[in-house]
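Trainee: Please find one structure pasted underneath; my questions will follow.
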Amino acid sequence: MSDDTKQNGGNAPPSRKQSMANSRKASVFEKPLDLDDVLVKELGQFGWFQLRNIALVAIPIIMSAFMSEFVFSAAAVPHRCRIPECGEDGKSHEYDPEWILNAVPETSSGFSSCQRYVPRGLGTNGTLDYCPADLFNNLETVECDGYVYSRDNSVVYEFDLGCQDWLRALAGTLNSIGTLLVLPITGYISDRFGRKWALIISVLNLGVIGLIRAFSVNYTMYMILQIVQTTLGAGTFSSAYIFAAELVGPKYRVITSATCSSMFAVGQVILGSVAWLIQPWRYMIMALHIPCLLIFIYYWILSESVRWLLSKKKFSEAKNVLETVARVNKTHISEKSLEALMNTSQPSVPAAEVSDVEKPGLIRNVVSSPTLLRRVCTTPIWWITTTFVYYGLSINSTGLSDTMHLNYILTCAIEIPGFYTAVLVLDRIGRKATLSIGFFFSAACNIVFVFIPNDLYVLRLIIFLLGKFGISVVMTSVYLFTSELYPTEFRHSLLAFSSMIGRIGSITAPLTPILMVYWHGIPSMLFGGMGIIAGLLVLTQPETLGTKMPDTLAEAEALGKKDSKFEQSS
């Protein structure tokens with residue numbers, strides 16, 4: 001014991017140097033009060049104000065699903081060659097007259113869509129009621145030079161697309177490309193002008209451009225407006241989701257996320273219902289998008305995001321919103337908390353963070369860490385598979401039978417129990433088990449579906465819906481599991497990278513129905529094969545249930561190691 005300590009009964013006061021060191025240490029490591037703390041301790045994590053917010057943004061989320069109306073407006077329409085030798089001079093004649101096999105080759109599904117027999121050129125013609133086989137050489141076929149369609153409620157009929165299935169499917173691909181292009185646009189508007197403006201502008205673009213598209217004069221105009229609509233309007237979901245999530249406490253964010261996803265599924269059900277009730281594609285598009293124009297009233301009834309107001313130092317507006325939250329939730333926010341949230345002084349930057357500037361960059365860290373490199377190569381495959389199967393099943397559902405609207409509605413509705421099932425099991429059986437089982441279950445259903453005879457319609461539909469249920473569980477789980485595998489310093493960048501690469505799946509999914517021309521089971525086998533691969537890759541990663549989200553690369557590499565104490569709270 002030192003002399004100073006002895007003189008003070010063994011409890012010597014700390015020296016000035018020690019006091020300054022302790023003060024600096026406290027200033028570095030003391031956690032400043034943030035909005036989450038105020039929500040948990042004072043305002044309430046999920047009160048009436050948050051519930052009202054979610055109810056308000058549920059409407060734009062539902063509207064965001066209307067961008068998928070190409071599933072019906074550009075739906076495949078059964079067609080065949082026009083036979084001018086028998087009096088057909090347009091595309092609206094009877095689709096399957098009694099004499100059709102005299103002029104068109106027979107196939108396993110009925111008769112050919114894109115070929116016809118070569119006319120003999122005898123100088124005599126048949127009529128719409130009588131078209132004899134001797135007018136044609138049934139040993140030789142030729143491509144169609146015109147088409148007759150079974151129905152007229154699609155752009156395929158309107159713009160005479162006939163056998164140009166790849167061109168027809170391009171509408172869905174452009175839709176998905178637009179959802180990728182919109183990310184920086186919405187992000188800029190949201191961060192610069194506010195979450196409320198980003199939401200209102202996105203929905204207005206969605207409605208206005210969609211309405212203009214209903215008056216397309218050719219297919220080129222229809223496709224250009226398709227990609228423009230999603231590029232300028234697809235930010236609706238993300239903008240609305242931010243409103244729902246930013247003011248909800250940490251405990252309720254997972255259930256809020258599942259609820260937002262469920263509202264999108266409800267929007268798809270409404271889309272299918274409207275398309276069923278309003279068959280002409282132009283009127284269907286107008287009925288869907290005209291209500292979007294009413295979004296301007298949200299300027300007066302929706303409060304701006306508190307987090308955005310605080311980040312932009314709009315403290316008076318933030319204070320008004322916080323006091324409104326407290327009043328609606330029948331809680332109280334103290335002046336001390338308000339003052340702490342409004343404090344403009346920035347906390348001292350820890351020395352550890354200052355030294356981060358000198359650390360290697362993201363790419364160097366990824367390349368130098370085999371563990372991180374394996375994850376960066378693995379997680380994008382999960383995302384590609386998830387979006388490919390999820391959107392592919394929705395699009396292919398319309399071809400299950402003649403009741404395409406009902407098939408689509410059921411396929412979208414099954415997503416809702418899938419989303420909430422993920423919420424229930426993620427914290428019970430773990431992220432890894434939930435994700436791998438979801439992939440394997442969906443894959444098994446898709447593969448089994450291929451071998452079920454067409455006449456067993458109910459069984460086919462049940463297996464198809466179970467496959468969509470499985471991938472819906474994955475859709476909710478993949479975001480959480482991916483984010484928990486990466487360290488804080490790189491989490492946002494690597495999560496965004498996985499999500500961006502995952503767009504490959506949604507971009508290619510609209511093209512899958514065309515592959516059925518070669519074999520009816522190709523799309524389902526693709527969904528199943530990719531699901532198996534993704535499910536196996538999930539098993540190569542460590543479980544993250546019960547672990548603290550890693551902050552550093554070392555902590556991320558320690559995930560799943562038995563000798564690691566990382567799971568213990570520090």
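Cβ coordinates come from backbone N, Cα and C, glycine included.
In case it's useful when we look at the structure, here is the feature table from TrEMBL:
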- 1-23: region 'Disordered' (REGION)
- 54-77: transmembrane segment (TRANSMEM)
- 118-546: domain 'Major facilitator superfamily (MFS) profile' (DOMAIN)
- 197-215: transmembrane segment (TRANSMEM)
- 221-243: transmembrane segment (TRANSMEM)
- 255-278: transmembrane segment (TRANSMEM)
- 284-302: transmembrane segment (TRANSMEM)
- 372-393: transmembrane segment (TRANSMEM)
- 405-426: transmembrane segment (TRANSMEM)
- 433-452: transmembrane segment (TRANSMEM)
- 458-481: transmembrane segment (TRANSMEM)
- 493-511: transmembrane segment (TRANSMEM)
- 517-539: transmembrane segment (TRANSMEM)
Trainee: Are there three or more C-beta pairs under 8 angstroms joining the transmembrane segment (433-452) and the transmembrane segment (255-278), sequence spacing 6 or more?
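Mentor: The answer is no, given that the two segments have fewer than 3 Cβ pairs within the 8 Å cut-off.
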Trainee: Averaging the per-residue pLDDT over the domain 'Major facilitator superfamily (MFS) profile' (118-546), what integer do you get?
Mentor: 85
Trainee: Spell out yes or no: are there three or more C-beta pairs under 8 angstroms between the transmembrane segment (284-302) and the transmembrane segment (54-77), with each pair 6 or more apart in sequence?
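Mentor: Yes, the transmembrane segment (284-302) contacts the transmembrane segment (54-77).
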Trainee: Short question: which residues 6 or more past the ends of the transmembrane segment (54-77) have a Cβ under 8 Å from it?
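Mentor: Residues 149-151, 154-157, 165, 168-169, 171-172, 175, 199, 202-203, 206-207, 210, 222, 226, 229-230, 233-234, 236-237, 239-241, 243-244, 248, 256, 259-260, 263-268, 270-272, 275, 281, 284-285, 288-289, 291-292, 295, 298, 301-302, 394-395, 398-399, 404-405, 408, 510, 513 contact the transmembrane segment (54-77) from elsewhere in the chain.
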